[in-house]
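Here's the structure, in structure tokens; my notes come after.
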């Protein structure tokens with residue numbers, strides 16, 4: 001694999017969405033920025049909050065789009081084009097309905113699984129699905145008609161603790177990714193489950 005040069009955390013903008021399950025990807029990028037000692041600042045050129053960080057001597061751009069979720073590709077495309085970053089050098093963190101809270105996994109490629117943020121990113125990357133994802137489990141409401149309200153709702157305290165623990169472990173695994181490689185990062189993260 002090429003090195004990861006752009007890490008994106010998917011979210012909806014604004015205080016009313018900040019603590020909703022759909023913003024789990026942003027929580028991960030915020031924590032990554034914190035441990036790297038950098039601040040995410042608004043940049044209208046890239047339609048989001050951005051920072052330049054260094055992880056184990058390697059440069060990486062951090063991005064949280066401030067478009068709405070279904071327009072995330074606008075931000076990702078703008079930054080990737082400007083810095084000539086290819087899809088396989090991008091890691092997109094997002095909430096994942098098909099995994100329980102307390103679990104997170106890396107993945108290369110695949111479809112969008114109905115996730116509007118991923119759907120728009122794939123479209124804006126000329127239908128190239130070959131980017132990395134960090135899937136952060138939020139669980140499923142059990143009824144597909146309840147999904148929208150579920151992802152835009154806040155998790156109960158115990159579930160939130162589990163999601164936060166998985167996000168923290170994902171950040172530590174990202175350090176392994178930059179220090180070692182994706183295989184070691186996957187091995188570490190995929191054996192983790194918060195209880």
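Keep in mind that glycine also has a Cβ here, set from the backbone N, Cα and C atoms.
Residues annotated as active site, proton acceptor in Swiss-Prot: 22. The tRNA binding site feature in Swiss-Prot is assigned to 17, 68, 70, 116. The feature site 'Discriminates between blocked and unblocked aminoacyl-tRNA' is assigned by Swiss-Prot to 12, with sequence analysis given as support. For 95, the entry in Swiss-Prot reads site 'Stabilizes the basic form of H active site to accept a proton'.
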Legend entry - Those recorded positions listed as 17, 22, 70, and which of them has the most Cβ atoms within 10 Å of its own Cβ: 22
Legend entry - Whole-number Å value for how far residue 95 (site 'Stabilizes the basic form of H active site to accept a proton') lies from residue 70 (tRNA binding site) (Cα to Cα): 14
Legend entry - Maximal Cα-Cα distance (Å) across residues annotated as binding tRNA, namely 17, 68, 70, 116: 16
Legend entry - Alpha-carbon distance [residue 95 (site 'Stabilizes the basic form of H active site to accept a proton'); residue 17 (tRNA binding site)] in Å: 13
Inset, instruction - May I ask for the distance between residue 68 (tRNA binding site) and the residue listed as 'active site, proton acceptor', taken between their Cα atoms and rounded to an integer number of Å? - result: 11
Legend entry - Three-state secondary structure, residue 116 (tRNA binding site) (per DSSP): helix
Legend entry - Position of peak Cβ density within 10 Å, selected from the recorded positions 12, 116: 12
Inset, instruction - Using the centroid of the Cβ atoms of 17, 68, 70, 116 as reference, list every other same-chain residue with Cβ within 8 Å of it (recorded tRNA site), in sequence order. - result: 12, 22, 67, 69, 71, 72, 117
Legend entry - Neighbour tally for residue 68 (tRNA binding site), based on other Cβ positions within 10 Å of its Cβ: 16
Legend entry - Neighbouring C-beta atoms (10 Å sphere around the C-beta of residue 95 (site 'Stabilizes the basic form of H active site to accept a proton')): 26
Inset, instruction - Report, in whole Å, the straight Cα-to-Cα distance of residue 116 (tRNA binding site) from residue 22 (active site, proton acceptor). - result: 10
Inset, instruction - Please report how many Å separate the Cα atom of residue 12 (site 'Discriminates between blocked and unblocked aminoacyl-tRNA') from that of residue 116 (tRNA binding site), as a whole number. - result: 11
Legend entry - Collapsed DSSP category at residue 95 (site 'Stabilizes the basic form of H active site to accept a proton'): strand
Legend entry - Cα-Cα distance linking residue 116 (tRNA binding site) and residue 95 (site 'Stabilizes the basic form of H active site to accept a proton'), given in Å to the nearest integer: 11
